């Protein structure tokens, strides 16, 4: 037993003992900061002291220098000790035993007996491979199907079949489109071809899918193998191609467009459709006339009648009274609807209700068509803008941009930077559909530099009037252009407006007649 009174030596001895015996490390954690306290209690010696003092304290500080154990670190992980070499060796032996279990040792033994060359040859005997004669048995169902569908193998548009969405309805976004084919004959072009495409397909992919389905169904005539030779145009419900708008961009996705009816047109014939604009048939009716565009003279009179009725009734279903076509020069003689336009030798017809007749002089005042007038009528549907002044009742006139086309009339205010709108009401833009237009009349013409015209339209079951002023030439052109548009469209609002106007006129005439009658009796 040893008696020690030096705390530094005692602390070093305790730490060395716990390094080999304490697995928890708690004693090291408790005694780790004790050296700091000892350093405070034993300050370093001041230079200049005697050598005896240094030698006297060297024995005491020797234990203090080695008091800190090499296995104890003053850090956040002081409670975690490294594994001993024995534990690491035992772990390595355990893993080696597990690996030995997975391995299988096979002892190699050489044979003393030698095999002959004949025995070795019999082990790998060469077999004779004879070609089997072709069996003349029954054909498989796959072979029969391939022979029955030769067009499927020779379809040059097979790469676009992956965009067919008929098998993906309900699981993937698809789009159903009715496609008219103007290159068909007159009978087949009336019925569209329904195509179901993937919503992620582009317009170019849709064109290829249409060509693939067209070829797979064995339709005639055959298409060009190059998909780039075709384009998609907007089409009406009856298959008429709307050439006022350009074709769809082939690089755009098809879901970007909301049209459910399209037409497949050849690119070289798409701009050439203007050559067909000279073929127009005039259909006279009770409240005006309509110009029906036809592709050629082989069209039947039944198709012309259907187009005239649709132009007259708009988007409504063709129902109600039945109509027939008569030549303008031959009243009360119906035209055979199965005959072609070429066999009629006429370009002007009259639309008459069944079980009715027309007088010989009906529509004769408009029977003679001037070529210049027809050209003005056709160009009246093209968009053109005019700068005019809009007249208000309780405030000054405002400058507006009046845009007129065959579909609508747009009134956009012209912003003037110099004019202050702080104390005046700002003019709002107005858009009027041509089906709601009723009349356009010249109100007054004071001088060649000043004229006023009135525009009447239907708004929420009420007729509203707008007044504009400009020079006489501009006003005359606007009135003529709008009236050409109104005459070429069978508008219900326009017919009701004139009927109401006629009733008011009859009521005034009847009232004035009764007033004159009473004054005569007195």
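Glycine is treated like the rest: Cβ placed from N, Cα and C.
Residues or ranges marked as domain 'CRIM' in Swiss-Prot (evidence: sequence analysis): 139-267. Annotation comment: Swiss-Prot describes 382-487 as domain 'SIN1-type PH'. The feature N-acetylalanine is assigned by Swiss-Prot to 2, with similarity to another entry given as support. Summarising the annotation, Swiss-Prot assigns phosphothreonine to 86, 398. If you look up Swiss-Prot, you'll see 128, 186, 315, 356, 510 marked as phosphoserine. The region 'Interaction with MAP3K2' annotation in Swiss-Prot covers 2-184 and is backed by similarity to another entry. Feature annotation from Swiss-Prot assigns region 'Interaction with NBN' to 2-267; the stated evidence is similarity to another entry. Among the features that Swiss-Prot reports, region 'Disordered' is placed at 38-59. Look at Swiss-Prot and you will find 279-353 tagged as region 'SIN1-type RBD'. Under the heading region 'Interaction with ATF2', Swiss-Prot lists 468-522.
Mapped onto this structure are the features recorded in Swiss-Prot.
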{"residue": "86", "record": "phosphothreonine", "contacts (Cβ under 8 Å, 6+ apart)": "none"}
{"residue": "128", "record": "phosphoserine", "contacts (Cβ under 8 Å, 6+ apart)": "none"}
{"residue": "356", "record": "phosphoserine", "contacts (Cβ under 8 Å, 6+ apart)": "none"}
{"residue": "398", "record": "phosphothreonine", "contacts (Cβ under 8 Å, 6+ apart)": "389, 390, 392, 413, 414, 427"}
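Here the region 'SIN1-type RBD' (279-353) is broken down by DSSP into helix, strand and coil counts: 17 helix, 26 strand, 32 coil. The DSSP breakdown of the domain 'SIN1-type PH' (382-487), given as helix, strand and coil counts, is 19 helix, 53 strand, 34 coil. Residue counts of the domain 'CRIM' (139-267) by helix, strand and coil are 44 helix, 31 strand, 54 coil (DSSP-based). For the recorded site, residue 86 (phosphothreonine), the DSSP three-state label reads helix.
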